[in-house]
């Protein structure tokens, strides 16, 4: 039942716990007769209960698993074994130190496992192996468990096993908390009745400390950079050396009270204190004292000294205070680097945006449409503020949807979508009736309202006001409305649903869609080269494969690439932005349009369609890329694209006449009517394709088709029809069947065990 509850509350961590239970069973049974009949029966009994417990929640887990196959499982990340290390295992030594985490290193992988447990947990694990009261079998079993953890960290194949066969999107070692748990458990076992002196522990641990010091000081780790840490490090930098030196001086003077201990011993203690005083002064002078590595290593040495020479009651207070300091400082540094909002700013974001969404949220007993924002608090704002939106982050998001968004020039990357590079047609296709933006603010506003959440735009839409009109505004936000959007489903020809979409052909893909829907060959989106490119400390190179690479000449100086062009019409202008074109932290690459920062959301997976001008005929546009620490950029597919949006608006108006009128909708269903008056043979929807959807037309179920590799379409005929779409998760019925069988099996097995335990009464 515990396993069932664990999997129900958090199936991902519950799955990892199930794997760890196997390892822990081996460890636990190692002190007993592992292969005896009694032990094997106990293991078998535990396995049966574990399987039945997992089966009890298959009504939830099986549909989730099936959904993962079309989301994370669709990334082509196959579970194949390779003799290849994904990280240098010695780098993991840095993760045992204070502050070994930042917001830059965890998203890109493979990164390093988060295994910080503090010095007591670290060297307490060593005490477990040094404690003579613990059997050798258990120590060997513990080594085996650590060996499994080690292989899981350095080898991609075994790492994927812990993550259900998938590669995580960031935090590549999500099972690392189990390693920390196991180390704390061994520390508890090791310190129990630990009173002896252990020179082997001192020697092995000293070698470990030396190795960690040598490796972390000679290699660069982003999380040891003080720039990413808040004011606690400068505070320590200013006062820690002074405090330590004062304490050393006070200790030397206090030795006068114990002058009876012997002259030679007294001189040794004073001499040692003087040496420590000098060492502290030198470390502080050269800037090493307050390095996170130095703080960690110092605490390690002290804790090792206490543990190795007997963990006495007099040490409890010192070790407790030191552990509180170490864990507290680590928590403070890590949290300060996570860029979380202050509580007041988080509250303001909720209280300020929610009333705005309340004004335009669609009623579930009426018309369905979507809402988009030009800013975000997080990618799951549609969940937080309860509205149908376009921006989303989830590990079980359909990969096909993300592929389509990328193909038309938007941002659909690993496990997340962001809609910001819209066009007239795509706005209408997704049914984005309302767009929310914030009012511009100044630095004075930021100073005047310190508890406000001031958002940042991650979208540039100079064409927005061509087909969106101001609907509402106050001092902080404004709402735009577009009534010329398509409903959730509308009639189309057969050519539309048979269209194949290909990646990294943004202009061509948009033209294909408009041509298919209109039934005629259209070139709404046209591509042009830039009129002029000026290079400063940058040279252009073309490779044999046709790639266009811009490289800095003097890598110690900034480089600049300036693209200029002059619109010849009042059409909407875009650039086809290559994957390499993204603003990066730390001054790596800067992107400005006409002297101002360009607002956008970068993509990890494909080219984008960036809006740069609209109705600016004859006005020269200038985009400047400044290469800071970036040495080169691959701008092979960077060019200008124009679009005549008036053609798109005509197509939208015609298709809207064949649209479905929604009468009722919910999270898992949609009802409505449609009157088809032209030669449309299919209903095209903007609902992501999933096998769990069923569609009935006039009460009769019709087959669904995956269109554009992403959305649902279904056949329709001329005339008036009632349509109902329902969603049932794929695997829902099978999941409930397994759950029912598991509950039945649990009852039967429990009754059998109960009968076995009954005493036999002899007649």
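The backbone N, Cα and C atoms fix where each Cβ goes, and this holds for glycine too.
Looking at 94-111, 220-237, 292-309, the range annotated in TrEMBL as transmembrane segment turns out to be 292-309. Of all ranges given (238-256, 352-370), TrEMBL attaches the label transmembrane segment to 238-256.
Checking the ranges 64-82, 140-158 against TrEMBL, the transmembrane segment annotation falls on 140-158. Counting Cβ pairs closer than 8 Å and at least 6 residues apart in sequence, the transmembrane segment (200-218) and the transmembrane segment (112-131) reach three or more and so form a contact. Each of 12-31, 43-62, 140-158, 170-188 was scored by its Cβ pairs under 8 Å to the transmembrane segment (112-131), and the highest score goes to 170-188. Contacts between the transmembrane segment (12-31) and the transmembrane segment (732-752): absent, as fewer than 3 C-beta pairs lie under 8 angstroms at sequence separation of six or more.
When the stretches 43-62, 140-158, 170-188, 292-309, 316-334 are ranked by Cβ pairs under 8 Å to the transmembrane segment (732-752), first place goes to 43-62. Outside the transmembrane segment (292-309) by six or more residues, the chain places 96-100, 119-120, 122-124, 126-127, 191, 194, 197-199, 201-202, 205-206, 209, 212-213, 216-217, 223-224, 233, 236, 283, 315, 318-319, 322, 326, 329, 333 with a CB less than 8 A from a CB of the stretch.
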